[in-house]
Amino acid sequence: LLTPEGILQGKPQKQICQVVLDHFEKQYTKELGEAWSTVREVLTSPLCWQYAVLLNKFSYSSELENNLHLKGYLSLFQETLPYLPGSLKCYISRTPGRFPAQKHQIGKLKEYYLLNAASLLSVLALEIKDGERVLDMCAAPGGKSIAMLQCAWPGHLHCNEYDSLRSKWLKQTLESFIPEPLMNLITLSELDGRQIGDLHPELYDKVLLDAPCSNDRSWLFSSDIQQATLRLIQRKELSSLQVQLLRSAIKALCPGGSVIYSTCTLSKAENSDVISHILSSCSNILPVDISELASVVSDEFSLVAGVQPHELLVLPAKGKAWGPMYVAKLKKT
């Protein structure tokens, strides 16, 4: 797979998969209306995608921060958020492009992590406090786990990834960013997320379920028609898996605890429909209003209007090429 950095270095651009684009065209014209044409323009142009630079507080470099300022990078969260730890520092550029990635060096922590800025919204919505027991249920490649650890010192962080290859990637990511003493607070596992609720009932104060989903950005560049067709068939099954994972996450929560459900797709079936299904079938679950967070970040992110107070949906837009990212918050009574 050709990565965006490969594209930016002048390598041939990866081809859009027409089968997927046709499918999205039909579905998202119906679900997003006029907004889809702008979204499509951004999603199909990797050269205009943006990447944020999340600083690592465990390997802070004033030289790096000065360098970012000189290159015109701005602090992402300048407004007062309902919850914003001072230790979370993230920089964005108004123009597309990618800050150079750092190579993995044994024994040396990386100074920053490159990510889609919208993915930080799920971490902020979780509002992690020091000492809490936290589960990152589908944690690879590890960006959200790293962001959580920038926000607070959890009493225990359980990072789970069912896929063994992705799990290795997750382990290496954590070792690249987190000092050894803090690694003692982290448990890594390769469990099927659907079983975690039964294995660890009512254990966690906070759960992040960044669910497996039809990743709109990468699916548009599926390597061949066969793979794309298979993905589109599997897409119909994803919402059922997502509901099972969310039920498991709820089982794993202490009473009073909260769960964030997030995806990187625009698909209503995998987003608000999953949450509606849970709210209508689980009597011990309440929606949590995150509209204050949404209104504060609406300058930096293009958000869909008219969603429920407990959810937000980031649309990729020109100059704000973040997302897609869906975030919803629920609480266990």
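The backbone N, Cα and C atoms fix where each Cβ goes, and this holds for glycine too.
Bear in mind that the values here come from a model prediction, so they are computed numbers and not experimental data.
Residues or ranges marked as domain 'SAM-dependent MTase RsmB/NOP-type' by TrEMBL: 43-333. The annotation S-adenosyl-L-methionine binding site is assigned in TrEMBL to Cys138, Ala139, Ala140, Pro141, Gly142, Gly143, Lys144, Glu161, Asp192, Asp210. Summarising the annotation, TrEMBL assigns active site, nucleophile to Cys264.
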Return the average pLDDT for the domain 'SAM-dependent MTase RsmB/NOP-type' (43-333) as a whole number. 95
Length of the line joining the Cα atoms of Lys144 (S-adenosyl-L-methionine binding site) and the residue listed as 'active site, nucleophile', in Å: 13
CA pair Gly142 (S-adenosyl-L-methionine binding site) / Cys264 (active site, nucleophile), Å rounded to integer, equals 15
Ordered by sequence, the long-range same-chain Cβ contacts of Cys264 (active site, nucleophile) under 8 Å (at least 6 apart) are Asn116, Ser119, Cys213, Asn215, Asp216, Arg217, Gly323, Pro324, Met325, Tyr326
Restricting to the chain of Ala140 (S-adenosyl-L-methionine binding site) and a gap of 6 or more, list residues whose Cβ falls under 8 Å of its Cβ, or answer none. Glu161, Asp163, Arg166, Ser167, Trp169, Leu170, Thr173
For Lys144 (S-adenosyl-L-methionine binding site), the number of other Cβ atoms found within 10 Å of its own Cβ: 23
Cβ neighbour count within 10 Å of Asp192 (S-adenosyl-L-methionine binding site): 12
